[in-house]
Amino acid sequence: MSSLFLLFLLHITIAAAAQLRPDHYLPTCPNAESIVRNVMKKALIREPRSVASVMRLQFHDCFVNGCDASVLLDDTPTVPGEKQALSNINSLRSFEVIDEIKEALEKVCPGCVSCADIVIMAARDAVALTGGPDWKVRLGRLDSLSPWLEESNEIMPSPRSNASYLIDLFKKFNLSVEDLVALSGTHSIGQARCFSIMFRLYNQSGSGRPDPAIEPKYREKLNKLCPTNVDQNVTGDLDATPRVFDNQYFKDLVAGRGFLNSDQTLYTFTQTRSSVKLFSKDQSVFFKALVNGMLKLGDLQNNQPGEIRRNCRVVNKC
């Protein structure tokens, strides 16, 4: 890991979040949160998977130079955006939902609500609208003036990551082992591509064999979904109740039915197993830990100059 990247991590983790507050838009756009939620409700009806995809944007945004909507920026002729990062390309989706939210807000409160805050509010709503907890989010972020492609490639974990690597990564952001497990529980909703599990099914750790942690009947199901000649963009459910936010994800991990390696490793690794077991038995404890983790993730910031974009895909023009 480069010394420059370590400085980048230090810069993020020590950045203050004191200016963020739940009532930030009360004077300028008092209906901001209800506007965001209404658009998310429509997105959920139109395509249930889309809200899970929107929720995922918070992780891919906040882990890279803080929560600044840099992940939303499109490529320009001279500057590639984070959408081209290894963990994002052909993977992140539902940017059009963010566009729809921004358009609705601009009609009512032009130039008031940042795209970074939209991502935070929409991620919370994705959880709440599918059966998970609801909570007050802290607001007042600015949007970045540039993307962070190199940093995204450096930091974002792959589906192959194991729990040991993830613990070390989260620790750099002052996120605990419990935070890691709880935030991984956002895989309670949504889907992932066959691309992300082919190695688990056919060549785990270069062995030429499947991951022994996969429960045999579940492995048969995955083999049918993702045969060796499959279009690797085919998707599978991340847990047994992919449209309901609950603790089924953790029950599946205990049973050896985690879809991604980075999920199942949370149960096979001793340091994270106790949290997985606890959350599988007590949904309310999971929900409480999730809210705490999402708030901490949302507090990751930087002191770089920013703006409130008029279009979340491009920086403002003079």
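Any Cβ shown, glycine's included, is placed from N, Cα and C.
Of the listed cysteines C29, C62, C67, TrEMBL assigns the disulfide bond with C109 to C29. Of the candidate recorded positions, R56, V64, S70, the one lying closest to T241 (Ca(2+) 2 binding site) when CA atoms are compared is R56. When the binding-site residues D61, S70, P157 are compared by Cα distance to H187 (heme b binding site), the shortest distance belongs to P157. There are 30 other CB atoms within 10 A of the CB of D61 (Ca(2+) 1 binding site), with all protein chains counted.
Same-chain neighbours of the Ca(2+) 2 site beyond D239, T241, D246, judged by a C-beta within 8 angstroms of the site's C-beta center, are, in sequence order, S188, I189, A240, P242, V244, F245, N247, Q248, Y249, K251, D252. Taking the mean position of the Cβ atoms of D61, V64, G66, D68, S70, E82 as the Ca(2+) 1 site, the remaining same-chain residues with a Cβ inside 8 Å of that point are H60, C62, F63, N65, C67, A69, V71, S144, P147, W148, S152. Sequence-distant contacts of D239 (Ca(2+) 2 binding site), defined by Cβ-Cβ distance under 8 angstroms and a gap of at least six in the same chain, are H187, S188, Q248, Y249, D252, R257, F259.
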